[in-house]
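Heads up: the structure comes next, in structure tokens.
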């Protein structure tokens, strides 16, 4: 008997599972808020230099840019006796007395003057947040293995609530960045524990539905963020409103049961049995729960206990050629997806469209994108779907280079299309990666893939800074990287309708079988070629 069969005895899809998935899914609504929060809390408004204190305010104080608007980062050197208000030949200087902002919102950019020479600090703040997610993955993963999934989930909720609230009261930008880094670490803990506890307690036949439901909560969270940002123009209150609910989620998480596999592998058989009996009672199968014993639990999960004793590490991903290929191609696909996704998701204000409406559109495109991706995965296969999603996204991003800024509708349509393709790419990669890696290396493979996605999302804001050299440079980098990721996916094995590989030998045999079939097909085609006879 496997754990799935034990789960069937206590109720594999009853009231417990519905409540369990709901409690795991609700906090995901808030995860979207934190991931994309700087779209609204770090908006850069129209601005220009503040005139010197002893100058009379007027158009002549500021030089004009080629569009006839006040320069953002320069002003005329103030000469008290100057008599020519429109004299464009006068010397200019940086904004020594600060800036005047044309905005009804309060943002970190306005509060800490993150413009002109300091504008890189805005992108750095987002990169530091992403670095927190990157660092939090392995650190919290190790803590999760040591202390359990449930305590780490509860602690991560509490940590996100505290660090997010701390960011709302930050007295300076460095303090704000530290708290945002901790927010990123917390999100890693929440994501890791949510995935594991969802898979643990839901039957195989329902995992796709439950996982998709949780994924759609992230999409809904993007809608909620737009509404909150519109209603709350002060960045500190918006930050606090997005963080405070996690105090409540930390309390609700005490109801969520611990992973049975973790309890068994940790030798906590008595607690594992009590947890299963509690689930059985909740699902109306109390008598079935009473029949379970510790000895039965040990016997039926012996395979899990034995397999856990064999340790596989990162080096095993590079032991054989096919695994090296899979790891390289998947790493590039994950990196390019995270890299390009956040270039679009965090660039809402660049398209000259109302950011609240555009954020709703960016969130809404995920719904049809993920649905179409699921259909394509089921009928066209994983490899083709993954390749074309990244190739289409890369093409859309590169096309933005050739569309003038005045054509806002077309630029927005291309960005929305690209973002939808990248959302589908994420959905495809989660499934594809879990199917390509053998069971003994699946967790390690997913871990290294997640790292590359986070590296991409961390670097993306910094690459945007290259736009100061030439506006088209960031899109060239983002688009080309997506094309490379899509091309790499063509070299992966197709997993549609194939059983999951269990061991390294399984994937080697699978690769040999594919190679043999390909060679036989080429030989058959060659045998059908009729040589042309030359005249004598």
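Any Cβ shown, glycine's included, is placed from N, Cα and C.
Annotated in Swiss-Prot:
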- 81: N-linked glycosylation site (CARBOHYD)
- 86: N-linked glycosylation site (CARBOHYD)
- 4: phosphoserine (MOD_RES)
- 515-536: region 'Disordered' (REGION)
- 1-11: topological domain 'Cytoplasmic' (TOPO_DOM)
- 33-123: topological domain 'Extracellular' (TOPO_DOM)
- 145-158: topological domain 'Cytoplasmic' (TOPO_DOM)
- 202-212: topological domain 'Cytoplasmic' (TOPO_DOM)
- 258-327: topological domain 'Cytoplasmic' (TOPO_DOM)
- 349-354: topological domain 'Extracellular' (TOPO_DOM)
- 376-383: topological domain 'Cytoplasmic' (TOPO_DOM)
- 405-411: topological domain 'Extracellular' (TOPO_DOM)
- 433-471: topological domain 'Cytoplasmic' (TOPO_DOM)
- 493-536: topological domain 'Extracellular' (TOPO_DOM)
- 12-32: transmembrane segment (TRANSMEM)
- 124-144: transmembrane segment (TRANSMEM)
- 159-179: transmembrane segment (TRANSMEM)
- 181-201: transmembrane segment (TRANSMEM)
- 213-233: transmembrane segment (TRANSMEM)
- 237-257: transmembrane segment (TRANSMEM)
- 328-348: transmembrane segment (TRANSMEM)
- 355-375: transmembrane segment (TRANSMEM)
- 384-404: transmembrane segment (TRANSMEM)
- 412-432: transmembrane segment (TRANSMEM)
- 472-492: transmembrane segment (TRANSMEM)
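Model confidence over the topological domain 'Cytoplasmic' (258-327) is summarised by a mean pLDDT of 77. Long-range Cβ contacts of the topological domain 'Extracellular' (405-411) within its own chain (Cβ-Cβ under 8 Å, at least 6 residues beyond either end) map to 351-353. In summary, the transmembrane segment (213-233) lies against the transmembrane segment (355-375): three or more C-beta pairs, each 6 or more positions apart in sequence, are under 8 Å. Counting residue by residue with DSSP, the topological domain 'Extracellular' (493-536) contains 24 helix, 0 strand, 20 coil. Of the candidate ranges 12-32, 124-144, 355-375, 12-32 contributes the most Cβ pairs within a distance under 8 Å of the transmembrane segment (237-257). Using DSSP to sort the residues of the topological domain 'Extracellular' (349-354) gives these counts of helix, strand and coil: 3 helix, 0 strand, 3 coil. In the topological domain 'Cytoplasmic' (376-383), helix, strand and coil residues by DSSP number 6 helix, 0 strand, 2 coil.
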